[in-house]
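Copied over from TrEMBL, here are the features:
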REPEAT    159-193  repeat 'PPR'
REPEAT    266-296  repeat 'PPR'
REPEAT    297-331  repeat 'PPR'
REPEAT    332-366  repeat 'PPR'
REPEAT    438-468  repeat 'PPR'
REPEAT    542-576  repeat 'PPR'
REPEAT    577-612  repeat 'PPR'
REPEAT    679-713  repeat 'PPR'
DOMAIN    757-849  domain 'DYW'
Amino acid sequence: MLFHLNPKPPFPLYVSTAVKFLWSSTTPVSSTLVKQCKSLTQAKLVHQQILVQSLTHVPTTLLIAAYISHNAPSYALSLLRRLSPSPYGVYWWNALIRCAVSRRQLVNSLHIFLQMLRLGWHPDHYTFPFVLKSCGELLSFRCGSALHAFICASGFDSNVFVCNALVSMYGRCGALDYAHHMFDEMFQRGMCDAVSWNSIVAVYIQRGHADAERGIQLFGRMTEDFRIRVNAFSLVNVLFACASLGMWLRGKQVHGYAMRTGLFEDVFVGNAVVDMYAKCGMMEEAKEVFERMKVKDVVSWNAMVTAYSKIGNFEDALGLFEKMRKENIELNVVTWSAVIAGYAQRGHGYKALDVFRQMQSCSSKPNVVTLVSLLSGCASVGALLYGKETHCYVIRCVFGVDGNDLMVINALIDMYSKCKSVNVARAMFDAIVPNERNVVSWTVLIGGYAQHGEANGALELFSQMFQQVNHVRPNAFTISCALMACARLAALRFGRQIHAYVLRNQYESAFLFVDNCLVDMYSKSGDIGAARVVFDNMQQRNAVSWTSLMTGYGMHGCGHEALKVFDEMKKAGLVPDGVTFLVVLYACSHSGMVDQGLEYFNSMSKEFGITPGPDHYACIIDLLGRAGRLDEAMKLIEVMPMKPSPVIWVALLSGCRIHANVELGEYATSKLLELGSGNDGSYTLLSNIYAKAGRWKEVARIRSLMKHSGIKKKPGCSWVQGKKSTTTFFVGDRTHPESQKIYETLADLIQCVKALGYVPDTSFALHDVDDEEKGDLLSEHSEKLALAYGILTTSPGAPIRITKNLRVCGDCHAAFTYISMIIDHEIILRDSSRFHHFKEGSCSCRDYW
């Protein structure tokens, strides 16, 4: 719109400086005055005077240039529409299209091109590359191919610039065959130049791993063509591909080529070589190249700092970091982010926070990558307060600024989940528009639920993923989190469904990761046979695979099988670590393999150079305690090289409960209280010891002490898997609709097994009442109620799977053993310590639990 001003002076005092500019000049409006316009307002005022004074001697193209230079393309376009088509005027259409492309107004650039054609203008060979770039950026194969047809009809298909743009456009649109066909036509017609080769090589490299190797091969052909001069861009492209594919040998050859041709002196090529070696894990070579570079920029330094941080070599990363500061090299956001990310990825959250504080003191503004890395660091150490502070910063400075809100929100959900503020994480997740949630959004929340005691919530959320209208396909991490939740709940049916989904959808790229979780899930869900089948069918295995299977065998009391797996692991060339030995000792402890356990414990330091830690000693104390060798256990505690931790005394107290050693049990409890670790489990164990010895006054004293200390005993809870769902029972539970039938069935079972020799062990009733009343109390235990319900609802011959949150009591264990003689079911019971498989009057634990 034109401004209508009075052309005659005088002007009011508030007149703009733009108007003063026009009228302070004593010379008339001229081409020179148009060129001197320093703002859009000045350009408009000059335009107005040209119209008012009908100055035809001033070229319209100068006004068009002024409007384009002052970022007003709509004004330029309105003038351009009024010009008659001419070969010289095409330049301004090209300028407008180029301006729209540079400002990412891609659709608008296409509209300008169409207006140009409608008004009778004829594009030249400079027009098409810009328009083709828009088609490629928009991934519009349809527009691009239509434009290709127009190019052929206009006779520009023999222009090398236009053809190079076509190759790039087809590549960006994912039409690899069309791009290659275009390149082959150019090659056959002898049109190819360095840009042509670079374009086709870039097309393949940008397609990812599957096609990048083909791009490297094309680069090899390019170097063989003596007519083509390889430039720095070509080398940077191919070095990037070598880095992403880990093809260090080919990268080394490219490095040699760069040295021979003198292109290595280009700082961009040098940086690409450093980055290639670093990403291929060849830090010595990367360091050598870095030190030989005559010219370095901040990218050179960042490449090294980032590489050292990623591999956990913080000393060298921080050494370079400090050197940059001493030499006054600009520390940009990439440098700071690399160090913060390195610490966060290695679980050094507080160090990441320290670096972030330094970054702020240097007035360097963090970007989204910095903040995501910082939140990851907070999550790794559970630093909720710092995470909240970062959240506040994000709200003030980041949201809505750079279009990466979802990336930051996902990081916040992850931080809150891992800091055990799952409710806040869920609120943030719910606040995301459903269609905007990506797989990371779902995965971090499912993982948070699975890891922090909300396994049911994790599985419910996993199910919701598939119920969305545009449901998000879970990735390997999502699958693993869901399997972790199944393992916690012993939810075998759900775990099998996930396994079937994995097989149907072929998650080959992460099968090792998922398979390890499947082994763990089947082991902890009571199907150790299925865990072994998964393990045997794994195409590759790592230490986690072997350890997961050994843990499963240990939980099921299959100590000999666990040790066989340990021997197979060593034969496969894997070196056992502290975690492996912990699993081995655990398996020995739960299978009564005392001598073997002691032998492995002694071999840790002698044969493998592994110093036993508190958890290893706890396993041995537990091993000796279960076997009744409490004196040996006590002597071992006395000679331990470290101060006994609470887990040591709990292991000893557990052995005292089994063998009714009141004196030693009291001593272990006193040590736990000294360490401030008296919890409901410790008091319950001591209470059981007193009850077994018939010392009811002491039982009452312990109960009173717990009450006055505010310590509440965790209620017993058992859940049994039915055909369609899982049913939960508490002690004395009568809330189930079929409670009467459940109690009647249980009463009939107890009556039958009493005839076979079962005698209720009233010491587990923990009440100073007569034996008949104790027997009634024992009948209300949650695992017995779950078993009765399982018998009522499970198909004949199918196993009954029960999970208990606490250790199974001795009376229930004896009752289950007898009941397994009279029912046509295997009873698989998982308690807080291990699995018990009851079948035909015997238990897999062989009464060693």
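Every residue gets a Cβ built from N, Cα and C, even glycine.
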Report summary line: Per the Cβ filter (under 8 Å) with a sequence gap of at least 6 from its ends, the repeat 'PPR' (266-296) is approached by 232, 235-236, 239-240, 242-244, 246-248, 251-252, 254-255, 258, 303-304, 306-308, 311, 313
Requested in this report: Could you tell me what the rest of the chain brings near the repeat 'PPR' (332-366), counting residues at least six beyond its ends with Cβ under 8 Å?
Outcome: 298-299, 301-302, 305-306, 308-310, 312, 314, 317-318, 321, 324, 373-374, 376-381, 383, 386
Requested in this report: Could you tell me what the rest of the chain brings near the repeat 'PPR' (542-576), counting residues at least six beyond its ends with Cβ under 8 Å?
Outcome: 512, 515-516, 519-520, 522-524, 528, 531-532, 535, 583-584, 586-588, 590-593, 596, 608, 610, 834-837, 844-846, 848-849
Query raised in the report: Which residue counts does DSSP give the repeat 'PPR' (542-576) for helix, strand and coil?
Result: 26 helix, 0 strand, 9 coil
